[in-house]
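> To start, I am sharing the structure in question, which I have written as structure tokens.
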Amino acid sequence: MTRHEHPTPGCRDAPVLRERGQREVFCGLTGIVWLHRKMPDAFFLVVGSRTCAHLLQSAAGVMIFAEPRFATAILEETDLAGMADAQEELDRVVARLLARRPDIRRLFLVGSCPSEVIKLDLGRAAARLSATHGPALRVLSYSGSGIETTFTQGEDACLAAMVPALPETPVRQLMVAGALPDVVEDQMRGLLDGLGIAPLALLPARRADAACAVGPGTVVALVQPFLGDTRAALERRGARVIDAPFPFGEEGTTLWLAALAREFGVAPERFEAVTAAPRARARRAVAQAAEALRGKTISFLPDSQLELPLARFLTRECGMRAVEIGTPYLHREMLGPELDLLAPGPVLSEGQDVDRQLDRLRAARPDLTVCGLGLANPLEAEGLATKWAIELVFSPVHFYEQAGDLAGLFARPLRRRAVLGLEPAP
Amino acid sequence: MKLAVWTYEGPPHVGAMRVATAMQGLHFVLHAPQGDTYADLLFTMIERRGARPPVTYTTFQARDLGADTAELFRSACRDAYARFRPEAMIVGASCTAELIQDDPGGIARALDLPVPVIPLDLPSYQRRENFGADETFLQIVRALAREVPKAERPSVNLIGPTALGFRHRDDIAELTRLIGETGLSVNVVAPYGARPADIARLGAAHGNVLMYPETGESACRWMEKHLGLPYTKTVPIGVGATREFLTELAEMTGCAARPDEGRLRLPWYAASVDSTYLTGKRVFVFGDGTHAMAAARVARDEIGFEVVGLGCYNREMARPLRAMARDHGLSPLVTDDHLEVEEAILAAQPELILGTQMERHVAKRLGIPCAVISAPVHVQDFPARHSPLMGFEGANVLFDTLVHPLAMGLEEHLLAMFREDPEFHDAAGPSHLGPHAAPPEAGLPQATGITWRPAAEAELRKVPFFVRGKARRNTETYAGERGLSEIDVETLYEAKAHYAR
């Protein structure tokens, strides 16, 4: 593992450009779109406006027609008049919802900008509804509003809201926090089993009744970089968080597993035996997919907080050069191990003033730009190749077996530009 | 509070964005929290625009609320003007900003920018997207349109097309051609493609063509009152409506030249023998008021279908739609609750559904053919090819659109003939869905208390799957009305005879 240890220079102390202004980002409500699939017995009820419903519809695309387990209680004029009314209305909507969906075991009341500005107390509503409909139904609340959260921070707020309600355990165990696609979760489980690291708790658990407890014996590993509040909430419950690079690419996955192996006293021979084959596979797959990426420059506009770990993967394993790495929020402590691995050079920016950031982007003209769907086509029309960022949150991209696919997601737009023989009409 | 999974319309500020994005040289400053920029992707992805919508969002966050959100709006306005140098600006608030009451109009006026700044009032908790578009365009016209000398050559304005409008791009092209053939010219198309300077010269026309009442009627009424511009009331979708529209236009402008109908194919296609099987096919129509009413007229009067359901989601069009439904002998459905629409479809058991993206999915689930005739729509209904709904080419497009989802006459005949063959047997389902098709009768309500004798059940299965649901329902209704508890083959055919048309 020594070849991964690079104490030299890194970006840990690099200056960060902090900007405020117009932000071209999603709000935290978007997290519902993938979270509800991970928790099949949960329902997410947004208390918000028609805008919130419209956003979910736009973000969920075709999924909206499959009876998804999320909906919006749209505030109407009468709800804005008096607070008491709104709480009663909410009870009525929840009762109607539960009559339609009696299979629901967990209900999340999700706060929005409008519900927060009118100071609708969803925490109180959750406690009241838990008392009314419990114990078969657990009701929790969190905020996914744009005024509080950016995109993936919605998942952070949701998981953090679950932590205080987790049962207490003194057992020494590993908890992995962050929603992963099932296929990736199973691979991770296989690796941890192979290393003999047990027992394992997952946050979020697939079902309300699945054992997921926390306590002073709990060691937490995060699989997503956007879980700052969840991390703090777990620490408040006495758990200890292991900061490591995030499991993207061959190197990231190995370092992530190695940090856990050290913590749980796994013998180096066993580590080698379990990881050697998938590591070699991942290296081969990345090498193949990354051919189109080698020597190319890349910029990230802020979106998901995945930007730093992905820039680390693309620069170190795929031979790209980062120009600017923008992130909505930079958690220094949690991303320290990532910053250590990142070669100095790129502009690190936190927050956004989109027009100024686009000025920098147009001046730098990177070979590939990672950005949201509102910007992707306009930038393509300006001749810049783009990779839309949301796909990186939905697709299986973590751990060894997905490393090649992850590189492929970035290579495809460049290969496509090379393949298309037509100049777009002016 | 209203529980909603799907909404037919977005909030009113999205309507304002549709007007701003349609225009050139206009910039919209929207007081809105972080995250409301999601709406940009409707334009960049669904409509596939190659430029960002001309909208600056203040993107306030929680920490700004204690401080001065009004200052945020002030600086956003100033910066947007400095960067984009628009000829005019519109300013407004999204739903959350409406609650914090910063008064965008007042703040922007105080900045004293060197261009017109038009304040918008968008009541987010009462009104919706179409209202937002209509109101925004009205305010722009009120602020910028002036009395100007009439153009020498008689001309009209095309009013109502916006960004994210269903087939607006091609309707403009088709109407421009049609109007040119009458001897008129088009003065201004607005808001689609217009600059603020163009709005100022709307009054040079001799009248307005109101293309889409949902997004242009208020402005047309205002121009009628203040600029003396009459406007057309007929929306030229379908052959009959197009001819009526041309008559109306001739009366309005005095230009009576009749465009060449040589390229119009719908009447002959509908008359040709292959279309005979279309007679009396039961169609359910739902969408925005304008498109639903136009499609119902074409369906009944020009293709020969029977309209068995008619509704719209925008209550602004409820009155004319109700009148039309009465004319068809139907009870109108004015709702924005997609579950109600689904129930009505189930009750009507149509053989074809004409609707929005949502009805397309309901139809898929029920195994009923469907065509999309109205927004909201997905990316595939902003096609690369020319596909208007208005005028003669629009009629041709409509014929294809309405008829394609039904099996062609010969194909249907063959299906019936070969129904016991392996490719066409019951469980095969629609071939284009492959092995993933839902069981053909899934989702149909089951009558209670009436049992089917095995022989009758077997006979029912010989009915082609796409009309079997109706046959089952008719037979059960027939049996129920006669107090029968069992259905045998006899009952099946009695019912068939009873309902025969």
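Note: Cβ is positioned from N, Cα and C throughout, glycine not excepted.
Residues or ranges marked as domain 'Nitrogenase/oxidoreductase component 1' by TrEMBL: B:12-406. Here TrEMBL flags B:D36 as [4Fe-4S] cluster binding site. Annotation comment: TrEMBL describes B:D274 as active site, proton donor. The annotation substrate binding site is assigned in TrEMBL to B:G409, B:L410. Marked as region 'Disordered' by TrEMBL: B:428-447.
Help me understand the surroundings of these features in the structure.
According to its DSSP assignment, B:D36 ([4Fe-4S] cluster binding site) is helical. Within the same chain, the residues at least 6 positions away from B:D36 ([4Fe-4S] cluster binding site) whose Cβ sits under 8 Å from its Cβ are B:H13, B:L30, B:Y57, B:T59, B:S94, B:T96, listed in sequence order.
The Cβ neighbour count for B:D274 (active site, proton donor), using a 10 Å radius over every protein chain in view, is 12.
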> Take every residue in the domain 'Nitrogenase/oxidoreductase component 1' (B:12-406), average their pLDDT values, and give the whole-number result.
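Looking only at the domain 'Nitrogenase/oxidoreductase component 1' (B:12-406), pLDDT averages out to 96.
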